[in-house]
Each structure stands twice: as structure tokens, then as C-alpha cells.
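A.B. asks: Structure incoming, see below.
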Amino acid sequence: MTGDAILRAEGITCRFGRFTALRDVSASFPRGALTAVIGPNGAGKSTFFNILSGSIPPTEGRVVYEGRDLARTPQHRYARLGIAKSFQITTVFPSLSVAECVRVACQALVSRYDIWRPRARLTALDDEAAALLDTVGLWDKRARPAGLLAHGEQRALEIAMALAARPRLLLLDEPTAGMSPEETRAMMQLILRLARERTVVLVEHKMKLVMGISDRVLVLHHGEVLAEGTPADIRGDATVRRVYLGQRDAA
Amino acid sequence: MAGLTPDLLAMQVFAGLALGAVYVLMALGMSLLFGMLTVVNFAHGAFYMLGAYGAVALLGYGGNFWVCLFFIPLAVGLVGMAVERVLIRPLYGRGIDYPLLLTFGLAYVIVELVRIGFGTEDLPFDTPAALTGAVNIGIGYFPLYRLFVIAVTGVVLVGLWLFLERTSYGLIIRAGARDPQIVRILGIDVGRVWLVVFGIGTGLAALAGLLAAPLQGASPDMGDSILAIAFVVTVVGGMGSLLGAVLAGLLVGVVVSLTSLVAPEAAQVAVFVLMAVVLLVRPQGFFGRAGLMS
Amino acid sequence: MDGAGSTVAVHAARPDLLAFATRHRATLAAVAVLVFPALLPFKAVAADVLVYGLFALGFNLVYGYLGLLSFGHAALFGGGAYACGIVFTRFGVPWWAAVGAGVAGGAVIAAVIGALAIRTRGIYFAMVTLALAQCVYYAAYEAEGWTGGENGLRGVDVSAITLGPWHVDFVNPLTRVYVIAAFVVVALFAVSRVLASPFGAAMEAVRENEARARACGFDVRATRWLAFVLSGAVCGLAGALHALTIGIVPVETLTYTTSGLVVMMTLLGGMGTYFGPFIGAAVFLLLENLVSLWTVHWQLVVGLAFIACVLFFPRGVWGTLLAGLRR
């Protein structure tokens, strides 16, 4: 592997009381690649994602981004460092319009505490928001309240809001959860497109889904790294096959 | 300051426990309502006041203190159940603010009704004859009635504990306090459980008011200050935690009692300083879970 | 809790008229504020409506636009009133500087209470703000030398106002109302400006979804704190004007019933709407005045009205009206 990793997890252990969700997990995420984190239910994928994205602190170990230890970085600093994420549960601003959601997300980079200038004057944000809505295919729905969008559209909107931070690293937690097959296909297309310009870490339950699009795959099982490599390596790995055997998604 | 002997301090701590016992009863009910129904009862102080006035009324009709002790919490608990059924129930699922706002308005109504019925003046409330005087508790003489308040609270705590631990209703309530979703999923008729919980919570508030009446008399706005203290106790103990309510209630009682010994004018403020410190160090309270805060 | 009908939300029907009203909301509100005192038969009520309307406007910044239910706003209102009264009576500063002190006083108390309370969320926030406000109440009650304690702070008497070449008779009820109205109009424009600012958008983002707002890069706590302080400044102004209107700061200003009053007015008018809180204050005070004409137990009627409002009109008078117009 090349030495240039944008994000590294070093010896991550996470315990909740007596339950150990992750045990000494180390992994590095190469710059510019799409890395998928997969594993069966209860493998610790979500915990791993939450630690990578700074939502919960690890019990031991550290997360290093661009050579910087993120341990003492508050959540809201992540966006300006170039890290954006989507949650497993969709988070949009339901009573704002689609355009306003993206616009306010764009605004977060440039103006947070200005209580006096009219925000309408920040016209650059309108163009930026329009471009992002175009990217995720929501331009036609821009005037609708975000809360009234279909589930798949809300997820796309969430990704547009994440992109507003102009991230170098995009963290996605099961972006296709609860989606119809068509929505899933569209989302995968979108992720593939986004991955051309930035590093993407994708946590996914369905193995089949990520094999075709990932550059690298990390398999978690019982809170430990089971295997790591290219999709071809993983497909040929006997242990991975055994773990996924009997699981519907591996078929 | 020369008079601050260990014995005096010990007495003051003991007096604080008696005060704390009243807070515990208030906070227990409040914590129960919040933990189970996610209702923050702003009328809790009004129910407390109803306990005292219920006793005033019953005594006026020739009842005695012991009859009051049994019937008043029961009667106020029934009022509470009626309130839950008629006013609170339509608000479940409509956000946590609405029951809070409704009970706030309800407190206005209850207090005003009592003013109409009993006047706005403070009413004296005699300590029952059998409980006057003081007894030697080893470190000095302590008012018998205050000992009685501690004892009643202890009995209620044991009873509540047995009810929660040993009955099927109690099991449901405990499960519900931990995760209301689970109870709903199990298909238990939560409506009836909620009704009972509301009755217990308001009944406990009435008992607290009744026990406090001989110490401070009865007045229509007696619930105002205790409501704020009950909030402090539930916040310090951890919302929804019954053990937290007990320990924090006693702690707040002792803090008030000790501060009033050295700096009487700071006694009320001390309570809120205590809360501020707890919030800074441990925002979820002694036994609260962080998740409950949202 | 979401504010019903955010002012910037896009709505399909009747965009022209509503959009116009939204764009010029501060001007329209100012006109309403300047016209209605002339229509009211009781000028004393008009002054109260202005003061409490302003108080509710400031409260709504936190409740309607940020989604935080505070039960401690009495401390901000009363704090402003005391700050104004104390510098006026104890230090003899001119009345307009005393009003400035009221604004600062409200903001400072909000900064302290806010710093503690924003560590908590949801229902905790209501309880913690209430408890901290009680703390301010007891402090004012005990600090008799400064606040007059139980008797209240007396002697906040302004009889005449000199503004350059003009002399205004502050004792005349109508002039008094219009002096207050002038301050209210300034506050209306300022609040409207804040709501339309980038920070106003940040407040909405935090209200709508905390986790997403944080992921976008907004510091949720700092946003809440600043909004709380701004709310404190507005409520402090309201308190200062209140002190000037009645010439005394009663210690009851700081009791939690005052906090409850402003919640009630805001809810009655329509939380999260720009002008709703004013309407709520007006409806409430007029109702109180009418009811107290035939019974001393007006609190009973008010309590029942409040319960009915929670049960049947959670959007409030103004909120329901706006929702109807949008349909």
C-alpha cells in the first residue's frame, strides 16, 4: 500500500461497560480511494464509523487525519478540516426548503456568527447550492420542504449538505439503508461519481453492493479486523466467505 | 461561629434530613412521571399544596391527622388520575413541551380554585398532639414531628420499593422508565399503567405537602418554591432515576439546613449553586443517563 | 420542537402577498405598534402590551427560532429592570443610559445563565433555566441594599425627557406610550435583521437538526449561547422599559410566574412567528383586563385559557391565521 493515507485508525478499542464493541482495530484509508467497511450484523461497523467521524470517543487508540490526532477536535470543527459525513439515520432540516438546507450548509463554511448583514447578500452561496443540487439531482425539488421528500431523496439531500463543506474526506454510514432497488442503484452511481474527486469511506452492511465499486475493502467481524484488501482479495478470502456463509447478503 | 460544635452540626444534618424527606417525596413523584411518561409536571407544586389544603378541609369536617395521612394522598392521587385521563392523554406523542405547558396552566387553575375556596391568607396548621414535643436522639433533643416525617418517608420508600420490585405493575413501570418503547412493543396496556403512575406521583406530592403543613402552615402559593427545589433535586439526582431522587433530595435538605445555620440568607441560593456545580461536573446528574437529556 | 411556520420556509400558495409581508415584516410590525395605542381606550394597557410584547419577542428568539423552552426568562426581564433601576436611582445616570444598562444587564445575566443551561437540552433546559432564575430571585430578595428586597426598587421616576431641543412630558400616558413604542420599533427592526442574518440561518439549522448542524460546521453550543444572550438583550430592554413605565421594580418581576407568563403569551400568539408574540401579549393583557373587571380570580380564567390553547390551538392565534393564509 502507498504510504499516503488521509485517515488512519490506530489501535482502536471501544468498550461499553463490559461489552467490547471494537478490539484493537487498526486501518488506514488511502487518499483518493473508495474504501468500504463491511461486516455482518454486530461486527462493530457503526461503532467504528462513529469513532472515525468523531461522534463517540474510543476507549483506547486514536484517529489520525492528515497527520493530526483528532482526539481533542470538537465535532463542529470536522467540516472545516475537510471531513463530512452522512448518518445512518437521515438528518436534514425538515421545515426548510431543499435549497435552504443546502444553502445553510454552504454558509457554515463562511459565516456562522454574523448577526447583522442580510444573508440574502451572500449570493455566492446560491450558486454553490444550485451546483450541489444539480450534482445530486434535486434541482427540480429545490422549493419543497425537505421533510416532505421521499426517503431516497432525503438521503441525496443529506449528501449534498455534506458536500457543501467541500470535503476531502467523505464518510458515509449505510447510505442505501431502507432504499428501494432503483434508489439504491442511483445512490451507488452518485457515490461512484463523488469518489472520483475525493476520498470516500463507506460503511455498508450489504457486501455485494460495494464489491463492484470499492478500491479497497475492510472486513470487520466481532469487533476485529478480519480481512483487508482489494475486492478481489476479499472475494477469495476463505475466512470472509465462512463468516458471511448463511448470510443472505453474501449470496 | 464559636457555637459550631459537632453535636450542633449533627443536629442540623438531622434537621436537613427531615427537610430532605419532603423533597424526596416531591422528587420521587416528579422523576416517576418523567421517567415513565416523559411528562414534566409543572403542577407538582400545586398538588403538593392540595395535600395541605385537603388536610385543612378534612380536619375542618372533624377528621383527624391520621385519617388525613391515609385519605388525602389517595384523594389527590385520584384527582391526578382524572387530570391524566382528561387533559394529559391527548398530548402524548405531541412533543415533550406540551404536557409541560398544560400542567403549567393547570397549576394556575388549581391555585386559584384554592384561593376561592380558602382565601388568600396563610392558614396555621397544628402539629398533631401526639407528635408534639421533642425526644432525645443521643446528640440532643429533636422535634418528634420531624422524626415522624423522616419515618413516614422511610415507610413510603420501602412500600414503593416493594411495589416496584415485587409486583407485576412495578415491573412494567421499571421497564417503562428504562425504555418506554419496550413496554409499548410488548403490547401492555400502557394507558392503565400511566394512569396509575400519575396517581402515585401526584399522591406522593400531596403526602409531601401534608407532611410539610405542620412545619410551615398552608398557603395557596406554598407549592411555588418547592416546585423549583423539586426540579433541582431531579436534575441533581438524574432525571428518571428514583435512587437519584432519594439521595439528591436528602443532600439538598442537608445543604439547606447547614447553610441556614451559617448564613441563613444564602440558604435558598445554595441549593441552586449546588445544582450549577453538578451541571458543570456531571450534566446528566448523579444517576441520569446522558441519553435522557435530549 | 419545531417553530410552526418558519419565516423563510418556501410555501407554494399565495407567495406574492405573504412574501411581501415577510420581506417588510419589521415595517408592518412597526406600523401596527405605532397605530394600536391610539385605538386602545386604556393607555396603561397599551404600555403593558408594548413592554410584554417586546419581552415575548425576545423570548421567542430562543423558543420559536432556536427550539429551546426556557423557563427562566424572568431573570432576563427582571435583570434588565433592576439594572436600569439601580443605575438610575443609585448612580443618577440619565434615563436613556439607564435603558442601555437594562439591555446590558439582561444580556449579562443571559450570558451567565446561558453558559450553564446550554450544557443541557430538551426538558432539562426548561428546568435548569427555571432553577437558575429562582436563584436570581432569591439573590435580589436578599440584596436589600441594592434592590430594595421585598419592597421592590422604588423611585425609578422619570417625569420629563429632554431630547436636544425637545422636551417631552413623560407623565402624560400617551406620550409615555409613544416613547416606549419608539424603543420597541427599534428592537423590532433589530430582531428582524438578526433573523434574516447568516446567524439567523444558523439558529434555524440548530433547531431543525442538531446533529446535522454540527456536521455542517456550526458550533451548536456557541450558537445557542449567542442566541440566548441576544434574547437577554431584548428582554432586558423590555424590563428596563417596564421599570420606567411603572416607576418601580417589584421583586415579583423575578418570580417564575413571570417566566410562565411570557411562555403563555408566546404560545397564545404563535411561537416561531415574527409578530405572534406581540399578538399573544396583546390578547393576554386585554383578556386579563376584561376578566379582572368582573372577578378578582382572573388567574383562573387565564389558566383555563392556557389549557385550552395547549389542547386546541397549539399554533396560537397568529400562527393559526398565518397557516390559514398559506393554504
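Backbone N, Cα and C define each Cβ position, glycine as well.
I grabbed these lines from TrEMBL:
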TRANSMEM  C:28-55  transmembrane segment
TRANSMEM  C:95-116  transmembrane segment
TRANSMEM  C:123-141  transmembrane segment
TRANSMEM  C:177-204  transmembrane segment
TRANSMEM  C:225-249  transmembrane segment
TRANSMEM  C:261-286  transmembrane segment
TRANSMEM  C:298-318  transmembrane segment
A.B. asks: So, taking each listed stretch (C:123-141, C:225-249, C:261-286) in turn and counting its Cβ pairs to the transmembrane segment (C:95-116) that are under 8 angstroms, which one gives the highest count?
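C.D. replies: The listed stretch sharing the most Cβ pairs with the transmembrane segment (C:95-116) is C:225-249.
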A.B. asks: Report yes or no: does the transmembrane segment (C:225-249) come within contact of the transmembrane segment (C:123-141), defined as 3 or more CB pairs under 8 Å with a sequence separation of 6 or more?
C.D. replies: no
A.B. asks: Mind checking which residues reach the transmembrane segment (C:298-318)? Cβ under 8 Å, same chain, six or more beyond either end.
C.D. replies: 4-5, 264, 266-271, 273, 275-276, 279-280, 283-284, 287-288, 291-292
A.B. asks: Where among C:28-55, C:123-141, C:261-286 do we find the most Cβ pairs under 8 Å to the transmembrane segment (C:177-204)?
C.D. replies: C:28-55
